[in-house]
Amino acid sequence: PRVCVVGSGPAGFYTAQHILKHHGGAQVDIYEKLPVPFGLVRFGVAPDHPEVKNVINAFTQTARSERCAYYGNVTVGRDVTVAELRQAYHAVVLSYGAEDNRVLGIPGENLSGVYSAREFVGWYNGLPENRDLKPDLSCETALILGHGNVALDIARILLSPLSLLRKTDITDGSLAALACSKVKRVWLAGRRGPLQVAFTIKELREMINLPGARPVLNPADFTGLENAVKDAPRPRKRLTELMIKTALEKPGEKTLEAQAAAPREWGLKFQRSPQEVLPTADGRRARGIRMALTRLEGSGDSAKAIPTGDVEELDCGLVLSSIGYRSLPLDPSVPFDTQRGIIPNSSGRVEGVPGLYCSGWVKRGPTGVIITTMNDSFDTAQSVLEDLQVGALDMSTSREGFGAVESILHSRGVRPVSFSDWEKIDAAEVARGKAAGKPREKIVDPQEMLRLIGH
């Protein structure tokens, strides 16, 4: 069987890995719109979290298998359609992730100084489409809307000492911009309360221990919460206990000295829902934000934030909205639920389209960490394997796979990038990084990548 996977992030690679491992004859081709592979492992994971990127080693093993091929620089839906892929392969798996962000839908969100978390993360991680972002970091106070790990990542990058960032694979341009940054205070605001935050304890602990930055948590937000979390699941309980401890504990002398000397600070604001980004006098830039104060109805993860009618204004010249990523429809021939931002499916089988599957964020929505995506992708791969086993996929006709796609791409003037091409780009990045004392210096211009491999 010839199987094609669209998207080379964790979902795509884990799907390919599982099919290759459990079917001795399957051939899997992976298509990717960028010249370079690995999706959010390369462009989403924070530069100071290199251990999370170790999965790249396993993905590289998969890509080097003689039954797997990688074709970068191919945009499915434009260079080749899903219908054409379905003609060329026995099964097609869509694993292209979430390439857009949810919008706030409030006045002023298009002012200069307002950015989505997605584009800001893409900027410091070298995602080609965000390389020219040039965020204005000339203000003292930044506000991040959202209480997830991405929000904490951004706060950490904004407040980290340069000496720490210089040793990472953060891009040269963003390091230079952060070196001139005037931001010294970062607030993270969420619509709900401390019991509903979505970040995890590891990320929170890292933030609390960040050198040169002190946490500012309002004790009033945490009083009486010890009882409320007594019966909560362990991860939620430990996370809340750490916030309570940080907010309520009297710091020792040593901590006090360190905090007094800390030039930067960050804090969590709860039960605040953004209403409007306030413009400067000339109407061009953000100068602050108006937030509605909310009260919670219900408890736990299902609690809803209801506006109380009270509002509060906060001065900030930088607003980052970290309220989630969003998948987009790829091709008119593929069913898409615009409400939920996913492809309607059952265990990865796309509804009403036999032989078409999906995995990762486009299958279940943009939540979870790499391990969540791994299990989800194995689930989809299992559906493909079962369908092969019970004869649900038409194996009577041989499919040409890349042979058929290659002639289509050729006729449209598209030259795919192979995995060995990527390895040349990889080697060049690592060499450039070495010269600068970093693990790698990412190339951010796709044209430069293509020149490097002689395309």
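Even glycines carry a Cβ here, placed using N, Cα and C.
The domain 'FAD/NAD(P)-binding' annotation in TrEMBL covers 2-158. The annotation FAD binding site is assigned in TrEMBL to A11, E32, L40, V76, W361, G368, V369, I370. Here TrEMBL flags H147, G148, N149, V150, R191, R192, E203, G368 as NADP(+) binding site.
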CB contacts for W361 (FAD binding site) [other CB atoms within 10 A, all chains]:
29
Where G368 (FAD binding site) and N149 (NADP(+) binding site) are concerned, what is their Cα separation in Å, rounded?
10
Candidates E32, E203: member of the binding-site residues with the richest Cβ shell (10 Å):
E32
Which residue among the binding-site residues H147, R191, R192 has the fewest other Cβ atoms within 10 Å of its Cβ, if you could check?
R192
For I370 (FAD binding site), nearby residues of its own chain (Cβ under 8 Å, 6 or more apart in sequence):
P10, V41, V52, V55
Roughly how many Å separate the Cα of V150 (NADP(+) binding site) from that of W361 (FAD binding site), to the nearest whole number?
16
List every residue in the same chain as N149 (NADP(+) binding site), at least 6 positions away in sequence, whose Cβ is under 8 Å from its Cβ.
A198, F199, T200, E203, V369
Using Cα coordinates, what distance in whole Å links G148 (NADP(+) binding site) and L40 (FAD binding site)?
16
Relative to the Cα of W361 (FAD binding site), which of the binding-site residues H147, R191, R192 has the closest Cα?
H147
List only the single closest residue to H147 (NADP(+) binding site), chosen from the binding-site residues A11, E32, L40, V76 by CA-CA distance.
L40
Taking the Cβ of G148 (NADP(+) binding site) as centre, how many other Cβ atoms lie within 10 Å?
20
Measuring CB to CB from L40 (FAD binding site), give everything in the same chain under 8 Å that is also at least six residues away in sequence.
G9, P10, G97
Spatially, and counting Cα to Cα, which of the binding-site residues is closest to R192 (NADP(+) binding site)? Options: A11, E32, V76.
A11
